[in-house]
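Copied over from TrEMBL, here are the features:
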type	residues	note
ACT_SITE	A:HIS396	active site, GMP-histidine intermediate
BINDING	A:ASP92, A:HIS200	Mn(2+) 1 binding site
BINDING	A:199-203, A:321-322, A:370-373, A:SER377, A:396-399, A:LYS472	GMP binding site
BINDING	A:HIS231, A:HIS321	Mn(2+) 2 binding site
Amino acid sequence: MLNKIDENIYELPIGYKEGMRVPGRLFISESLLEMVEPGTIEQVANVATLPGIVKYSMAMPDAHLGYGFPIGGVAAFREDGGVISPGGVGFDINCGVRLLRTDLTVEEVRPVISDLIEALFKEIPSGVGATSRLHVSDSELTEAFIAGARWAVEEGYGTEGDLEHCEENGCLKGADPSQVSTKARKRGRPQFGTLGSGNHFLEVQYVGEVYDERIARRFGLFKGQVTVMIHCGSRGAGHQICTDHLEVLAKAVRKYNIDLPDKQLACAPIGTPEATNYFGAMAAAANYAWANRQIIAHWTREVFAKYFGDVEMPLVYDVAHNVAKIEEHMVDGRLERLYVHRKGATRSFGPSRREVPQDYRDVGQPLLIPGSMGTPSYVLCGQDRALELTFGSACHGSGRIMSRSQAKKTYRGSEVKASLQREGIKVMATESAVLAEEAPEVYKPSHEVVEVVHALGLAKKVAKTIPLGVSKG
DNA sequence: ATGTCC
């Protein structure tokens, strides 16, 4: 059924499932493919049946089972005849990663890592349903939905330079706060400026290895340097927005007579009110997430300032790995406007794209690939080759191989914590169960995932960061 | 991921 067509590329032919409009493509190694559940392959095939899908239904090497679309899925739809689907974005709209760099070295930070993590844990609220020490009014929330990270910067959280180093400058155009329900606002307002739970984290790390000196220098990275990685999304706001609009889109599927192999692929034709309204609400959630990461980054800088004085902590970059965006891509020799859905997939634009910030333009955008808790993360650089293969996309992380429930049965939080402590990694979490759910063993090895995208030329390895301490939900 | 089932 899966045909190997090249090294690390497998194709799922149109004939695999009735209704497929395009083939499926998995960008994955043989050994990682063995870890992919059959259901995930099925989801790749299901996405290929959606109206207006262009080229292929794609899966990155960290692919696993998701809601409707696989996590690690990339699908692009033409404006004329295509659809937009919340399943292709995910519940945590604009879940993403940002990386701050410092001019501190691992030798300076390691001796105080325990206190530093305790301070970060205290200052940056985390956990399920955590509430913020920031109190925004309803109109301020509306402004954040519209302006994203810029709203936070204008409120004094961070600098103009931060915005230049955010994907989309930290703001998706077309956000429509009128499509955000009262319920979503009610959940999102008190959580604005919180980390969340699950695989979300704030990690103090250091650059353990540099693979490409020239690009690392361009990103401001050097061996032994301390960095901070923040991984979080749109909290209850994005979750509620997704839930609300799934309900509307389930009806739209019947209204517009769309034949779906799975109800979880609920969608609406681009241009219909249902699709436009979801897109407006999704953009609002994406902007909330960017502002959220911006606020958290600011508080992180404040904590570092207490310990290390007036330390500079520029933003290396901020990537969105759960989002749908309008982008121009070459299709059969023509430039077309496409709705690119990346769910658990990172944009990987090389030098030829004007979306890459000016100071990275000659090398490509940074990609931030978090490892699982206690394992290395990677900084990659976008490559033009990705435009040919994946609409300019690559992997987003390690990818789960064990369910949360199974992980809780298999591991104990206290033991996971002790084992990390033995490696010198300080861990703080609101709930011990989260540590069991996020045990390093429940994820695919991140280095294997990164090797595949590097070998395919989707993104280039630049540096590896090693955890010193982590604050979690 | 998520007020982990209104």
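Just so it is clear, glycine is given a Cβ too, placed from its N, Cα and C backbone atoms.
A TrEMBL annotation is a machine prediction, not a hand-curated record.
Given the structure is predicted, the values throughout are model-derived calculations rather than measurements.
Overlay of TrEMBL annotations on the structure.
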residue  : record                : contacts (Cβ under 8 Å, 6+ apart)
A:ASP92  : Mn(2+) 1 binding site : A:GLY233, A:SER234, A:GLY238, A:HIS239, A:ASN322
A:ASN199 : GMP binding site      : A:HIS231, A:PRO370, A:SER372, A:MET373, A:GLY397, A:GLU438
A:HIS200 : Mn(2+) 1 binding site : A:CYS95, A:SER126, A:HIS231, A:CYS232, A:GLY233, A:LYS472, A:GLY473
A:LEU202 : GMP binding site      : A:LEU120, A:ILE124, A:SER126, A:LEU195, A:VAL228, A:MET229, A:ILE230, A:HIS231, A:ILE296, A:THR300, A:VAL470, A:SER471, A:LYS472
A:HIS321 : Mn(2+) 2 binding site : A:CYS95, A:GLY96, A:VAL97, A:ARG342, A:GLY344, A:ALA345, A:THR346, A:HIS396, A:GLY397
A:GLY399 : GMP binding site      : A:PRO61, A:ASP62, A:ALA63, A:HIS64, A:ILE71, A:GLY72, A:GLY344, A:TYR443, A:LYS444, A:VAL449
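Within 10 Å of the C-beta of A:HIS396 (active site, GMP-histidine intermediate) we count 28 further C-beta atoms, all protein chains included. A strand conformation is recorded for A:LEU202 (GMP binding site) in the three-state DSSP classification. DSSP assigns A:ASN322 (GMP binding site) to a strand. With a 10 A radius on its CB, A:HIS231 (Mn(2+) 2 binding site) counts 24 other CB atoms from all the protein chains. In three-state terms derived from DSSP, A:HIS231 (Mn(2+) 2 binding site) belongs to an extended strand segment.
Ranked by Cβ neighbours within 10 A across all protein chains shown, the binding-site residues A:ASN322, A:SER372 are led by A:ASN322.
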